[in-house]
Amino acid sequence: MRPEGAGMELGGGEERLPEESRREHWQLLGNLKTTVEGLVSTNSPNVWSKYGGLERLCRDMQSILYHGLIRDQACRRQTDYWQFVKDIRWLSPHSALHVEKFISVHENDQSSADGASERAVAELWLQHSLQYHCLSAQLRPLLGDRQYIRKFYTDAAFLLSDAHVTAMLQCLEAVEQNNPRLLAQIDASMFARKHESPLLVTKSQSLTALPSSTYTPPNSYAQHSYFGSFSSLHQSVPNNGSERRSTSFPLSGPPRKPQESRGHVSPAEDQTIQAPPVSVSALARDSPLTPNEMSSSTLTSPIEASWVSSQNDSPGDASEGPEYLAIGNLDPRGRTASCQSHSSNAESSSSNLFSSSSSQKPDSAASSLGDQEGGGESQLSSVLRRSSFSEGQTLTVTSGAKKSHIRSHSDTSIASRGAPESCNDKAKLRGPLPYSGQSSEVSTPSSLYMEYEGGRYLCSGEGMFRRPSEGQSLISYLSEQDFGSCADLEKENAHFSISESLIAAIELMKCNMMSQCLEEEEVEEEDSDREIQELKQKIRLRRQQIRTKNLLPMYQEAEHGSFRVTSSSSQFSSRDSAQLSDSGSADEVDEFEIQDADIRRNTASSSKSFVSSQSFSHCFLHSTSAEAVAMGLLKQFEGMQLPAASELEWLVPEHDAPQKLLPIPDSLPISPDDGQHADIYKLRIRVRGNLEWAPPRPQIIFNVHPAPTRKIAVAKQNYRCAGCGIRTDPDYIKRLRYCEYLGKYFCQCCHENAQMAIPSRVLRKWDFSKYYVSNFSKDLLIKIWNDPLFNVQDINSALYRKVKLLNQVRLLRVQLCHMKNMFKTCRLAKELLDSFDTVPGHLTEDLHLYSLNDLTATRKGELGPRLAELTRAGATHVERCMLCQAKGFICEFCQNEDDIIFPFELHKCRTCEECKACYHKACFKSGSCPRCERLQARREALARQSLESYLSDYEEEPAEALALEAAVLEAT
C-alpha cells in the first residue's frame, strides 16, 4: 500500500478503474490531443491565430477539470474546480501569480450568492492561463500531491490517472512551446481503444518531482502581444440549418438556480447556469499587471458554460477532428442546451458592456431586454460579418430590431489595431459584469472594448466586420475601418462590401423619395383647391432651381480637388438632381438640408472624421482603392442627410449566397518541416472559385493569342470578368477590356489599361511593343521580370538567325561558360570568379535561358558590352596563368606545340560535341573527330576481347565435364 502523497507514479490505480472510466479518460485525452495537433501543426508563430483554437482548447481542459469532481451533498450540486485551483497559493507560491489576480476579483465581489461566480472566475482563469502559456506550470504543483487531489475528486477522476495526466501536460507543453515534436513523445498506443489502457511511456521527463516544481513568469510578458487569443474565442461562422452553442450576456436579471445534473455529467454539459455579476473593475484595481501585461483581452471575454463536451456520447463521436477547429463549430452535430433567461430590470442596460462595435446585431441586446423579460426563449438571428475592429465607438446599448442580412467573408486573420477615438466620451466600466452560459441557434461573439484605469483591453471578433451603431453615419462607419491592415483577400471582399453599402444607400434614398411622392399625391388628390396646388408647384420648382445652383459649384470644386473620379465613373448631373427632387415638398427639402449626424455633433468629433483625420495618409486619399472611392463619393454629399449605416439592408442575403470557411486539412502529428513533402506544406494555397468562374492562375504563356472575337470570348467566360467573376449583361460587354497576355476579358476594376511587353510576342516576333494587360497580368510580369524562364533554343531557335544582337550574346555566353568551368579549378582566379558573379548565374552557366530583363537589355545593346568585358578579362587571365595554360589543347592534325588552343577561342578553335576535344578550324577538314575514332576503336577492341574470353570459357566447360565423367567410370 503506497502512501497517497508520495508523488505521482506511472499507472497508479489505473488497472482498478472500471471500463466506463477508462473509456472516459481515453475520450477526454483524445479530444485534447486532437485539438493540440490542429493548433501546432501549421507552423504559425502564434498558436492562437487559428480560428476557434483557444475556444476549443478551453472546452477540452474544462472537460478534464470537471471530470470526477466530488458533489456538494449539502447544496445538492457539483462543486467547481476553483476551490481546487486557488490553493496553489500555499502549495507553490511562485506559481500563484496569475491565480491571485482572480482570487481578488472573487473576494471583492459581494453579489455572489452561490457557486456560479466561482465557476465564472475559474473559467476566466483558465482562458487567461492558456493565453499566456502558463497553465501547465500552475497545474504541476497541484497534480503532484495526490492526497490533495482526493479532497476534491473521486478515484475515477481523470486527474488521478497518472498516465493520462502526464500525457495531458505533454500536450499543454506542446502548445505553450509551439513544438509539435513533443506530441511524438507520447506513446501512440495510449490512444488505442483496448480493454486495458496501456501504461504511458514517454521519451522525456516524467512527473516525479512535481511538488518542488516552480514557475517564474518570464519578463517578456509586457512585450508580447497575443493576437487572435480571445478574439476567436466566441466566434462561429453562420451555417445554414446548424445549431451551435454560444454565450450571450443578459443585460440584467438574477441568476437562475441550476437543475440537478443527471448521472455522471459535468454541470457545463448538462445544464446552463447563469452566474451572478463578477466585478471586473475590482480586478483592474487590485491587479498589479499593467495594461500591456494584460495584453489585448485578458478578462473581458465572456464565459461559455457549454465548453465541456458530453461524456455520454458514443466513442465514435468523440473525435471531432481539426476541421471543426477551423470553422469554429463547438459541436458539429448541432446539439444545443436550451435555457431561458429571465430579466427583471430593463433599466439596467446602461450599466452593461454591450458595445455597438461588437459583431453582434443590435436586436440581440433588445431581445435580452424585451423577449427574456416575458420568460420566453430568446432566439437570436444575428449574422456575423468580417471586418477590422473599430475602436472609436462609445460602449452604449442599442435598441430597436432591424432585419438585415450580411455576407460572411473568407477566413482571414486580421490583427486588430488601436485607432484614435472618434468620440470624446471614453468607454468606462460602469457596473458589474454578468456572466451567463446560454444556448441559442447562432453564436453570439460578444466583442467588447473596455477602458478602465487608463488601460485598454480589446476583445473583438478577430477579422469580423462589426455592426454599425444606432444612428451612426456612413462616413463615420467607413472611415473607422482599418483597411490598411487587411489581407489581400479581405481587401477584395471589402470592395464588394463597400459597393453594396453605397448601392443600398442610394436605393434606400430612392425608396424613401418614392414613398414621399406617393403620400404627397394622395394629399393632393384630397385637396380640391386648384390655387393651392399651383402655389405648391411653384414652390417646388423654385426650390429645385436653388438646389441645382448649389450643387454645381460643389461638383466644380470636386473636379479641382484632391479626389478625382475616373472617366469610367458615372457623373452626377444637375438633371439627375432635379429628377430626384422633382416631387419634393417643404418637409422633404428640410430633410435634405439637415447636416450629417457626425458633422453636426461638435467640432472635436468632426475634426476626427475621415477627411481631416491624421490617421489616413495623403496617398490614401489619392488612391483608387474601393474605400477611397467610397469616401470620395460620400464626401460630395456632406451637406445632405444620408441614411445611417445601421439602416442599410444588404442586397444579397446570406441564404441566397451562403458562404462558409474552408475546412483545413487534417492535422499532422509531426512538424511539417520534418516530413517528406515539407515544401508543399509550407505553401499556403487557398483555392477559390465555383463552377462558372475561377480566378486567373499565375502561368507562363509562350504563344500569341489569335485575334479575339469579343462576343464569343465573353460567352466562353459565362459573361463574367476573368479577374473578379462579376457578371456582365450581354448589352454591356463592350465595356470589358481585353488582356493581351491572358487572352481574356476583364472588368474596368480588374483592368486599368496598364501596358507591358508580352513575352510570347518577344520570343516569336521580337516585338517589344507594350500592350494592354490586366492588373493581374501586370503584377505577374513584374514578378517574373528577372526570372530566367524562357529557353530560346526550345521555344524559337530561329530567333538567333533573325536577330544579330541575340546571336552575339549567345556567342559571348558560350565563351563565358567555357571560361567559368576552367576558372573553377584554378586557385588563382578567385577574384575573376567574383567578377563573373556580378552577372546573373544563368548567363554564364546555361546557354539558352533568358529572362525578360535579359531580352530587353539585349535589344537595347546593354547586355553584349557587359559580357564582352568579362570575356576580355578572362582571356587575359588565361594568357598569364600557367595553371590555365596547362589545361589547353594541342591540335592533333598540325601537332603545333607552340599554339595552345582553348575552347573559348571560337574564332580559331572548333570543339567536338562528343569528346569536347579542340582543333584548329583550318585543320579540321574531315567529317569525323580523330579522338572519337580512337575511342570507338578502343571500345570495339575491348568488346571483342570480352567476347572471345566468354567463348573460350564456354568451350572449356564441356571438356572438363567429360574428363570428370571418365574418372568416375574408372573408379567404379
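All residue numbers here begin at 1 and follow the chain in the order shown.
For all residues, glycine too, the Cβ spot is worked out from N, Cα and C.
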Report summary line: phosphoserine, as annotated by Swiss-Prot among SER248, SER390, SER570, is found at SER248
Query raised in the report: To which residue among SER314, SER671 does Swiss-Prot attach the annotation phosphoserine?
Result: SER671
Query raised in the report: Which residue, chosen from SER111, SER357, SER528, is annotated phosphoserine in Swiss-Prot?
Result: SER528
Query - Among SER351, SER381, SER562, SER612, residue with annotation phosphoserine (source: Swiss-Prot) - result: SER562
Query raised in the report: For the domain 'RUN' (48-189), DSSP counts of helix, strand and coil?
Result: 96 helix, 6 strand, 40 coil
